[in-house]
């Protein structure tokens, strides 16, 4: 074999080896159709959550200021929970338009809206947790709660809660940015260094602060409340237990799927799970479960406010005296029925009964 033949053979082997090395490399996971799915699925659902959440939580704020006038810790927590949900839903029109088209609002709003979304998310979860603790003190430690459940302590704990929520949301403010790729503008979180580490920490932060800690506290508080109520001869006990069960089940049902999918995406990010089909399913699942979790902010006014008999009475008064486009509300028969029910109700005056009605 001469030198020319050796050279040709070497080149052929190089081409052969390079070809099969390229073929053996993992191909990028194509995710065609995921954005198209989001364009159809997300905007109408975001709009619905925005409208329902804006209406329900605005009514809560209006009633609290007009009738309750923030006289207790419970009132303070209800107000802050409503403000948290309002802050959260006010970001949804931006995300809805972004899902349908692209980000057209600039870098400043990209950072602000991302931050609003996270602050509303964390503060809402935290105030749900505080509502559970408030109920626990009112029913399990009724005497001690007379000193602990004051307006002053309510304001102090609320300020601390907002501070923690703002601090936990700082990554959304600092790392959110706009960039253009293939003539499409994005608003996303981008980490300059240790990208994988930051993504994993952010996801775990949501799992821990958004589900594990609040759920643990809720389960403890409500289990102790139920145990205390078992020793009370209270005609409202069964209703209370059903309501507690509903609160926990709804929280689990709306937030657990999103956190599970988020945790699975963390495993994909760490390359613990490496499956293209799974990644595609997770991208669809994160859109569906995130929207499901958003609906919970529409239910908060119903769970913590509208189901209370005193608050239904205030809402009746509010709509019966309303003016303008809602003037026909005062003619609604169901509101008059609620009003009649309120005036005909009779309750015992025990400490636990009084605190229980305030808490629920």
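Even glycines carry a Cβ here, placed using N, Cα and C.
Look at Swiss-Prot and you will find 1-39, 99-111, 176-206, 268-284 tagged as topological domain 'Extracellular', backed by sequence analysis. Annotation comment: Swiss-Prot describes 2, 183, 194 as N-linked glycosylation site, evidence class sequence analysis. According to Swiss-Prot, the feature transmembrane segment maps to 40-67, 78-98, 112-133, 151-175, 207-226, 243-267, 285-308. Residues or ranges marked as topological domain 'Cytoplasmic' by Swiss-Prot: 68-77, 134-150, 227-242, 309-360. Summarising the annotation, Swiss-Prot assigns disulfide bond to 110-187 and lists sequence analysis as the type of evidence.
Using the rule of three or more Cβ pairs under 8 Å, pairs at least 6 apart in sequence, the transmembrane segment (285-308) is in contact with the transmembrane segment (40-67).
For residue 187 (disulfide bond), the Cβ neighbour count at a 10 Å cut-off comes to 22, with all displayed protein chains included.
Cβ neighbours of residue 183 (N-linked glycosylation site) (same chain, under 8 Å, six or more residues apart in sequence): none. Counting residues per DSSP class in helix, strand and coil order gives 11 helix, 0 strand, 6 coil for the topological domain 'Extracellular' (268-284). Secondary structure at residue 187 (disulfide bond), as computed by DSSP, is strand. Taken as a whole, the topological domain 'Extracellular' (268-284) shows an average pLDDT of 83 in this prediction.
Sequence-distant neighbours of residue 110 (disulfide bond) (same chain, 6+ residues apart, CB-CB distance under 8 A): 103, 176, 177, 178, 187.
If one looks beyond the topological domain 'Extracellular' (176-206) by at least 6 residues along the same chain, the residues whose Cβ comes under 8 Å of a Cβ in the stretch are 98, 102-107, 110-111, 113-115, 168, 259, 262-263, 265-266, 269-270.
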